[in-house]
Amino acid sequence: MSAFCQHRKNCLKCSTGVPVYLSFVLIVLYGMPEAQGVWPMPQKMSQSSESYLLNPQGFTFQYANDSVAQPGCSVLDEAFRRYFTLIFPGYNGGNARGDLFAVVVNVQSGECDGYPDENSTENYYLLVSAGLGFLKAETVWGALRGLETFSQLVEQDDYDTYYVKETEIVDFPRFPFRGILLDTSRHFLPLPAIMETLDAMAYNKFNVFHWHIVDDPSFPYESYSFPDLSDKGAFHRFTHVYTQSDVQKVISYARLLGIRVMPEFDSPGHTLSWGKGQPDLLTPCYRGKVPSGSFGPVNPILNSSYEFMVRLLKEVSTVFPDSYIHLGGDEVSFTCWKSNPQVRSFMEKMGFGGDFTKLEAFYIENLVNITAALNKTSVLWQDAFDHHENIPNNTVLLVWRGTPPKYHWEMSQMTKAGYRVLLTAPWYLNHISYGQDWRDAYNVRPLNFTGTDEQKKLVIGGEVCMWGEYVDATNLMARLWPRGSAAAERLWSDEEQTSNLSKAYTRLSNFRCRMVRRGIRAEPVYVGYCKHEYKGL
């Protein structure tokens, strides 16, 4: 415990039993302990050996008198119910040892009814002392992160007694964007699998669900503007679709966990399933002078293609409240465009010559203009930058290709050009290998590229990708966790304090067991056991 907070009266001013913390800046913190129970590691933490017994029957959550959030705040009211169960796993309502204990939450600004966004702050201060946990946060989203940390501080001994150590924490994320991508086109993921992923994301302090909802294999999003897209493009029009109600359930559930939902409708490539329900959208491929009967990317030379995209993206911008829309733009094959005589004629008319990257740029630039008119921020895979497309500087670019030297060079070039950047290249966790490959995800150094401090400020975070070629609800959680936890700590915690793999191994093993007890089918880190093993579905 810091010397400043040895006596609670020095840290807290009590009024009608509700404490109010005086100032963040007065905290004096000592060395970081090996915080066994907290993942990702807080920025600053001090902890003593003093422990306090917790009795579930005498445990309460309270709002501070001067908190802007009060009873009726949907985000925190629901969080209090949820975290009681997480803090006291296995509690069956019987008598338990321990004194009265209250976690008092003080939210300083913001509202309870909105959605988390790109500007949401998540910093918090947590003080645990005798009979009291005091949590102060600028917003409800920071309060959620602090509640998660408190839940991980609570332990249970061999006699089923719950306890928490005297602790002081100042915490905030290293990067504001910390995402998980799920691919629901290559294999349909039922809603419970998505919700379970959102739960695990909250345990790991991820804050963006990147929903790669459609792709070549299937179009499961049920559009109210174009119902034929899912009727004809989904694996099954009734059982393998996300209705508008389903989508709202995901968005609403994510909101209560402080998680944004960023939709991706990738085009002009990766759109074969779109063509089944939208005639004349895709480019007819030719064999010589006659159509081959197959189709390629979206046809970029037709006005009707852009009229369709305007209507679809307008719908998407209404359904999904987040300010980011991912437009894709990756892996566009030019073979079909090259074979089509109308496309070649258009190229000549536009002065593109034989450079089909210019045609791709023409299409992408039109889409970015559409999203800008909808007051949304466009997110694109790195291909748009690599092909020298004329995209505005407020576009967010995702780096997904290559080894560290290649993606660091890419990040250097993008930030030099003034773009905000997300890193995902080292976190394609659908790829597996034998052994402790979590270490590869943990050893990533996102800012280890050549550039100025201003350039490095343009790296706003990163995300884990779970592509679905070989992943469905049967193996999603085990493949994603706890390897995704390694990326979570890299994106949240201070890099200097989390560079020791041996210490991380011990902490990650413990945290993996905590996730298992919470019902997450996280695979083992290595040989060992959990006190509370996974008990099945």
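Glycine is no exception: its Cβ is also placed from the backbone N, Cα and C atoms.
What TrEMBL records for 12-32 is transmembrane segment.
The domain 'Beta-hexosaminidase eukaryotic type N-terminal' annotation in TrEMBL covers 38-153. Note on the domain 'Beta-hexosaminidase eukaryotic type N-terminal' (38-153): DSSP counts are 28 helix, 41 strand, 47 coil.
The disulfide bond annotation in TrEMBL covers C73-C112 (among others). C73 (disulfide bond): 21 other CB atoms within 10 A of its CB, across all protein chains.
If you look up TrEMBL, you'll see 175-494 marked as domain 'Glycoside hydrolase family 20 catalytic'.
Non-local contacts of C285 (disulfide bond) by the CB criterion (under 8 A, 6+ apart in sequence, same chain) comprise P291, S292, G293, S294, F295, G296, T335, C336, S339, N340. Look at TrEMBL and you will find C285-C336 (among others) tagged as disulfide bond.
Per TrEMBL, the feature active site, proton donor maps to E331. The Cβ of E331 (active site, proton donor) lies under 8 Å from the Cβ of G269, H270, D383, each of these being in the same chain and 6 or more residues away along the sequence.
The disulfide bond annotation in TrEMBL covers C513-C530 (among others). The Cβ neighbour count for C513 (disulfide bond), using a 10 Å radius over every protein chain in view, is 21.
In this structure the C-alpha atoms belonging to C513 (disulfide bond) and C112 (disulfide bond) are separated by 32 Å. Taking the disulfide-bonded residues C112, C336 in turn, the residue surrounded by the fewest other Cβ atoms inside 10 Å of its Cβ turns out to be C112. When other Cβ atoms within 10 Å of the Cβ of C530 (disulfide bond) are tallied across all protein chains shown, the result is 16.
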